[in-house]
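Worksheet: one structure, shown below.
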Amino acid sequence: MPRDARVYVAGHNGLVGGAVLRRLQAEGFTNVITRASRELDLRDQAAVRAFFAQERPEFVFLAAAKVGGILANSTYPAQFLYDNLMIAANVINAAHESGVRKLLNLGSSCIYPRLAPQPLREEALLTGPLEETNRAYAVAKIAAIELCDHYRTQYGSDFISGMPTNLYGPGDNFDLKGSHVLPALMRKMVEAKEAGAATVEVWGSGTPLREFLFVEDLADACLFLMEQVSEPGPINVGTGVDLTIRELAELIAEVVGFTGELVFDASKPDGTPRKLMDVSRLAGLGWSARTDLHSGVSQTYDWFLQERAAGNIRG
Ligand SMILES: NC(=O)C1=CN([C@@H]2O[C@H](COP(=O)(O)OP(=O)(O)OC[C@H]3O[C@@H](n4cnc5c(N)ncnc54)[C@H](OP(=O)(O)O)[C@@H]3O)[C@@H](O)[C@H]2O)C=CC1
Ligand SMILES: C[C@H]1O[C@H](OP(=O)(O)OP(=O)(O)OC[C@H]2O[C@@H](n3cnc4c(=O)[nH]c(N)nc43)[C@H](O)[C@@H]2O)[C@@H](O)[C@@H](O)C1=O
C-alpha cells in the first residue's frame, strides 16, 4: 500500500480498528479515513454508499462489527445477526461499487464448527454444526466471508478474510457483562485487589481452552495480509497455543497481584470446549505472532491502569 493511499479503517474506535489505526499512523500513512458509528452507521446502506462514493477509499480494513463475549452473544442474538449482516453487506458491496482496490474482512475462530478436529484448519469452515452460544454472530461472520469470496469470483474484487482467534490488549472492552474473558477477569481482579475482596468469580467450569492473540500482533498481521495475500477463503491468525480458563485466571491474578480465591460459577456457560487454530498457512507465508501471553497481559494491565486513571476505559 503506498503511504499516501486512501485507507479506510472501519471500526477505528474498537480493539482491532484502534490497533490497525495506530499501526498505520506509526508506518507513516498520511491519508487514513475514519468514521465513528455516530457519524456513519454502517447498517444504513444509503449512507454507506454515499460515504464510499464521496471518500473513494482504495484500501479498507473492515474492523467494524457488533462484538461481545459469550454472555452478550447468547443474550442478544438478533442484534448480533442483524447488525453484523448489514455492516458486512453494506461495506463489501459499497467497496465493490466504488472500486476499492483491496478490502480485508475479519472472521473469528468462534465461527468454526463446534466439534471440528483441532487444531482448526481453514477447510473446516461450514463442515458441521456451530457453537450455540454465538451461532447468530457466526452466521453473519460466515456470510461476510462468503460475500468476499463471491465478489472475487463474480467481479474480480480483491477482498480477503483473516480469521483471528480470541484477541486482547489496549483498547479492549472492559464491560463486565458484554466483554470477553480476559478483560473481564483483569478488571474483576484489579477491583477485588483494591477492595481487599477475598474472592473473584470466574464464569463456567474453568476447563474450556482458549487461544489469545495480542491485538498489536493482529494489527501487524492485518497489514501483512493486506500487502501479501490475495486469495479466497479465510486465513487463520493466531498463536497456535491455548490454555484453560483456570490457567488464564491464574496468570492474570499473578500479573495483577490478586492473591484471593477464584470461585467458579458453573451456572454460567462454558461455550465451545476448545477452538485452537492451525496457524501453519500464515506461517508458511512468513507471518507468526510475536507476543507471548504473559507479556501481552502485563502490557494490557499497565495500559488498563493508565487509561482508567484518565477515565478512558470502555465498559
Ligand atoms: N475481540 C475479539 O476477541 C475478536 C474480534 N474479531 C473481529 O474483529 C473485528 C473487530 O472486533 P473488536 O475490535 O473486538 O470489536 P469492538 O467492539 O472493540 O469494536 C467494534 C467497532 O465497530 C464499530 N461499530 C459497531 N457497530 C457499528 C455500526 N452500526 N456502524 C459503524 N460502526 C460500528 C464500533 O464503533 P463505535 O465505537 O464508533 O461505536 C466499534 O469501534 C470484528 O469483525 C470481530 O468479529 C475476531 C476475533 C476475535
Ligand atoms: C472471541 C470469539 O469467541 C467468543 O466466544 P468465547 O471465547 O467463548 O467468549 P468469552 O471470552 O466470553 O468466554 C470464553 C470463556 O471464558 C469464560 N469466562 C470466565 N469468566 C468470564 C467472564 O468474567 N467473562 C467472560 N466473557 N467469560 C468468562 C466463559 O465462560 C467461556 O468459557 C465469541 O463470543 C465471539 O465474541 C468471538 O468472536
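One-based numbering along the chain as shown.
A Cβ is built for glycine as well, from the same backbone N, Cα and C atoms used for every other residue.
Look at TrEMBL and you will find Y137 tagged as active site, proton donor/acceptor. The DSSP secondary structure for Y137 (active site, proton donor/acceptor) is helix.
G11 (NADP(+) binding site) falls within neither a helix nor a strand when secondary structure is assigned with DSSP, and so counts as coil. Around the Cβ of G11 (NADP(+) binding site), 25 further Cβ atoms fall within 10 Å across all displayed protein chains. Here TrEMBL flags 11-17, 106-109, K141, 164-167, H180 as NADP(+) binding site.
The feature substrate binding site is assigned by TrEMBL to K188, W203, R210, D270. D270 (substrate binding site) falls outside any helix or strand according to DSSP and counts as coil. Its Cβ placed at the centre, D270 (substrate binding site) has 15 other Cβ atoms within 10 Å.
Regional average pLDDT for the domain 'NAD-dependent epimerase/dehydratase' (7-238) in the model is 98. The domain 'NAD-dependent epimerase/dehydratase' annotation in TrEMBL covers 7-238.
Positions annotated as site 'Important for catalytic activity' by TrEMBL: S108 (among others). In the three-state DSSP classification, S108 (NADP(+) binding site) falls within coil. A 10 Å cutoff on Cβ-Cβ distances gives S108 (NADP(+) binding site) a total of 21 other Cβ atoms nearby, all chains included.
Per TrEMBL, site 'Important for catalytic activity' is recorded for C110 (among others). Cβ contacts within 10 Å of C110 (site 'Important for catalytic activity'), excluding its own Cβ and spanning all protein chains shown: 22.
Checking the recorded positions G11, G14, S108, Y137, L167, W203 against ligand 1, the ones whose Cβ sits under 6 Å from it are G11, G14, S108, L167. Considering only the recorded positions Y137, W203, the Cβ with the fewest other Cβ atoms within 10 Å is that of W203. Under 6 Å, Cβ to nearest atom of ligand 2: this is the test, and of the recorded positions G14, G17, S108, C110, W203, D270 it is passed by S108, C110, W203, D270.
Taking Cα separation as the measure, S108 (NADP(+) binding site) is nearest to Y137 of the recorded positions Y137, K188, W203, R210, D270.
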